[in-house]
Structures are given as structure tokens and as C-alpha cells.
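Student: Below you will find the structure I want to go over with you.
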Amino acid sequence: MPRFAANLSMMYNEHAFLDRFAAAAADGFRAVEFLFPYEHAAAELRARLDANGLTQALFNAAPGDWAAGERGLAALPGREADFRGTIGRALEYAGVIGNDRIHVMAGLIPADADRARCRATYLENLAFAANAAAAQGVTVLIEPINTRDMPGYFLNRQDDGQAICKEVGAANLKVQFDCYHCQIVEGDVAMKLKRDIAGIGHIQIAGVPERHEPDVGELNYPYLFEVMDTLGYDGWIGCEYRPRAGTSAGLGWLKPYLGR
């Protein structure tokens, strides 16, 4: 049976961030995820989780200067020291909050960049991150992201993500499979899930093409949830979408899966 985590960076924007935990729990969610925890004390976030009976599925390591347009550091030559600092901080937060998944963003690469050098940097940084996280029982995730939403992002395809994980060779390095990004970049989502399930550490969903609720758009999510069940996926499914109107009003798709 699929288990869903509300993405508090995109959902429940009707509420102040710290109030989104209670709102998600009231709608039946038992887990949450979000992009970055670092504007709040880890202990405060843990208190919100505990007060509402929620599990933290994952969050991201800091991506560099998000406001300046940075979208990760892992594949950026010359930023290795900055990257390592983000891993240490993310693991400190995870140690308090209790999540066992951290997403590490690759970064934006100029069109004329030396991609081989960027890839070598990426592999080295991911090996460092996985080694540091292993001591804490944490899995590091990398996510192929579509270039329509994020032009220049280094990692775009599922097969490339899987190949990178295999090349690094760390048991706690896996792919964060976002059905939305996969559909936009390459399609054939069900077959990609079947092919790659052993290397998938987290799944996310959203309607395609506008990233609204999963019951809107071209993907048949009830079928994909059946595929995930058949494959034995028992992790959280992150709801990383932008509600068309009120978050709670758009949760009709979720109701059949609550209490099953």
C-alpha cells in the first residue's frame, strides 16, 4: 500500500511553515518532506513532528546560495569545500530530526563546461557524502531533474543517475525517482520503475505537465501506485506538487489510500 509524505515546501502554503505540520497531519498524512530545514532550529522541527505524529521522510542538503540561483554544489569543480560543509550540516540536522534520507543537488552547469570534469567532481563528492552519511545510517539521494524547469541542471536522466550510483559503489547512495521529472524528460515511467527499482531510494509524484495534484494531467497514478506495490516499494512517496487552489481541497486523490 502506498505511503504518502506531504511536501511542505510546496503544499500548505496557506499556513506559516511551522504550522504546516499540523495541517498535513489533520489531512491524514503520516510523513512530511521539504526542501531545506535550515531557517529553523532542528529541535523545533523535531518538536513539530513529534507533536503531530509525523515522520520526516527527507530534506535536501543546502544547495549553495539558492537566492542567487545556485541549485546544488556536488558537480561544481572548485566548490568541494563548500559542498562538504553542507553535508556536515545536513547530517547534524538529520541526527536531531530523525530522517534517514538526504537529497544532494548536483548543480547548474554552463553549456560550455567540461562535463567530464564535472562528472568526476560529482563522483568524488558523492563518495564523500555517502561515506559520511553511512556512519549515521543515512542514505544519500540524487535526483534527475528536467531541464524545462531547471535549465542547465547536471543530472537529467534515470539511467545516468543509476550509472553514477553504481560507479560510486556505495550501498547508501540511491536515486530519488520523481515521476514528474521522468515523464517530462523521457516518459515510459512504469518501465523505468521496473528497471531501476533496486536502485531507487525515494519516489516523488506530481501531475504532468503543470505540477499540480497527481489526479490532474497525463500520468495515470493509480496504475503507477499499483506498479510500485507490485515491485515491493515500501518507502514514502513524496507529494511534491503545487496545489491548484487550497491544499486540503485538492486531496480527493488521497482519500482512497487513507486507512487502508
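Placement of Cβ uses the backbone N, Cα and C atoms for every residue, glycine included.
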Student: For the Mg(2+) site that Swiss-Prot assigns to E143, D178, Q204, which of the candidates E92, E124, E226, E240 is also assigned?
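Tutor: Checking E92, E124, E226, E240 against Swiss-Prot: the Mg(2+) site match is E240.
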Student: Using the centroid of the Cβ atoms of E143, D178, Q204, E240 as reference, list every other same-chain residue with Cβ within 8 Å of it (recorded Mg(2+) site), in sequence order.
Tutor: Q176, F177, C179, Y180, H181, H202, I203, I205, A206, G238
